[in-house]
Amino acid sequence: MSDLVSKSTRTFGRRQGRPIKDTKQQLMDELFPTISIELPEVDYLINPDIYFDQKAPVWFEVGFGGGEHIAQLAVQHPDINFIGCEPFMNGVASLVNHIQEQHISNIRIFQGNALDVLKSFNHECLSRFYLMFADPWPKKRHHKRRFIQNDILNLVIPKLMLNAEFRLATDHESYQQWMVQHLRNRTDLKEVLCTFDKPTDWPNTRYEAKAIEEGRKPLYLIFQRVQ
Ligand SMILES: C[S@@+](CC[C@H](N)C(=O)[O-])C[C@H]1O[C@@H](n2cnc3c(N)ncnc32)[C@H](O)[C@@H]1O
């Protein structure tokens with residue numbers, strides 16, 4: 001694995017912001033341990049099915065923020081298993097709260113770097129992959145921290161099943177161009193959608209709402225694994 005992937009854990013910044021309220025802390029102490037993902041200590045590959053009660057296709061979200069997107073998807077698709085990854089404690093507590101309030105049983109959470117999870121998964125085990133409003137790292141010297149780049153795509157794409165969708169959105173103009181260019185360059189992906197008109201089956205996220213309120217136009221992309 002490249003240096004870039006192994007060093008990426010350092011690039012998150014703060015893992016906790018505001019103190020977590022008592023009610024959410026109670027959920028973190030009681031519900032979270034029952035739905036959080038533990039990775040194998042030894043170096044072998046696992047199938048994500050082991051984390052769920054039902055056998056079903058697995059959809060994966062990197063950086064779910066407050067978790068509103070993955071929670072809504074999970075309610076709309078009870079016959080899908082969801083894995084969400086987010087290092088930020090307040091975001092994890094927010095998703096655990098959605099899970100409790102909406103009686104969701106088909107989400108599992110990894111609090112940490114999505115790349116660590118992906119590294120431990122079998123190839124061709126994910127049916128859909130979401131990257132919503134990833135950190136844009138606007139400064140040129142930080143571009144190497146962007147999630148979309150060849151080293152990371154070389155890790156992610158083999159985990160997708162054939163025809164699985166890779167769905168992305170970003171409001172950041174230079175990252176929009178960067179994403180499109182990197183994804184179009186790949187022979188293992190086919191472009192399905194590239195639009196500023198949001199598809200109707202796509203739940204909102206907190207960052208998206210903020211971006212639109214501040215006058216930025218998110219770009220929505222769907223690519224499909226073809227080989
Ligand atoms: C700009 S925020 C967007 C949050 C959310 N997707 C939304 O649209 O509201 C990006 C999020 O991705 C998370 N993140 C960045 N790199 C990640 C990684 N490698 N694995 C998991 N989460 C990551 C950050 O902690 C942050 O919460």
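Counting starts with 1 at the first residue shown.
The backbone N, Cα and C atoms fix where each Cβ goes, glycine too.
Of the residues ASP116, ASP171, ASP188, TrEMBL puts just one in the substrate site with LYS139, THR205, ARG206, TYR207, GLU208: ASP171.
Closeness to ligand 1 is met by none of the binding-site residues GLU61, LYS139, ASP171, no Cβ falling under 6 Å from the molecule. Here THR205 (substrate binding site) comes close to GLY65, GLY66, GLU68, HIS69, MET132, PHE133, ALA169: these same-chain residues lie at least six apart in sequence, with C-beta atoms under 8 angstroms from its C-beta. Across the binding-site residues listed here (GLU86, ASP135, ASP171, GLU208), the residue whose Cβ sits among the most other Cβ atoms within 10 Å is GLU86. If you take the Cα of TYR207 (substrate binding site) and the Cα of ASN113 (S-adenosyl-L-methionine binding site), they are about 19 angstrom apart, rounded to a whole number.
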